[in-house]
């Protein structure tokens, strides 16, 4: 490990981060964007460290490479594009999905490829890849704040790299033996106490610095997917607001029969569950998707509307032809967004959901946002009500 830094006994992950960030700044090794605190730090020599990836067999054999969007990894993104491999970059903070595929224009010059590797290029030349995008990642490249020669890694503390990896496992995009590489300055390689590592922490197989390539031979198993029972219910709901694709993933795993119960879910949900919504399982309207009929139901997906309150309608669009009304209903129940009336228009790839007040409708929109079923991310928004012989249409006038 680096002579300048060692983590003192009893140091927390945050102590180690602080030490590395302070040292990079005080020694003049920090590069733009600065200060490097609270980031995956960029450092002098990062491009040189990135270039040595081209000498690794695991890189040369890979055809699809996932690289984090951090500044010090720009050289790796460029190397992937120059080698005409598929480059996947996680969506910033996983807000709109899991990955973007960077697709340079045909006949791209060296200069354009260089732009594609930057944060500006990630915005301009990317195509989102949904949960059903069948990504097969051969190599994962992550940034780190600190890493040990044994392959134990400390990130910036927000948990995104660990979460991205766990989500890739759940999607089937990575296998147990998919190699993980990190790029750091020599001073970021230091001893890390094993007790600081949790089951969800991602370990690395190779460390590239400006002066060396370290093969860690790490024996510690990598996360095997999202560890739902370790996630607290409240923390999960906070993550859901930030990472809508998590909802789709949890829903899919539940459909596949996996136990996705959260740590303290039952004690929380016991108080909040509504028996009426759970006990009534409406019969699926089979055939309506195929024949293209409009199909309006006012069943007890949720308790019936009392009196004549104002109705707020939510529009759900971009529904793939393969999805049936029964799947939509079970998703609505799953996300506690059951309407009192559902207007299914499968042939038009859309549905309208009626709620008894605006607040309930807005809650439904926020909990269904980012839902991806059948290969599409659905479009969910409040509809402008326009009642016409019982049909609800979206009003194009703003």
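The backbone N, Cα and C atoms fix where each Cβ goes, and this holds for glycine too.
Unlike curated records, TrEMBL annotations are generated automatically.
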**Prompt:** If you check TrEMBL, which stretch out of 258-305, 306-353 is marked region 'Disordered'?
**Reply:** 258-305
**Complete:** In the domain 'RRM' (312-385), averaged pLDDT is 86
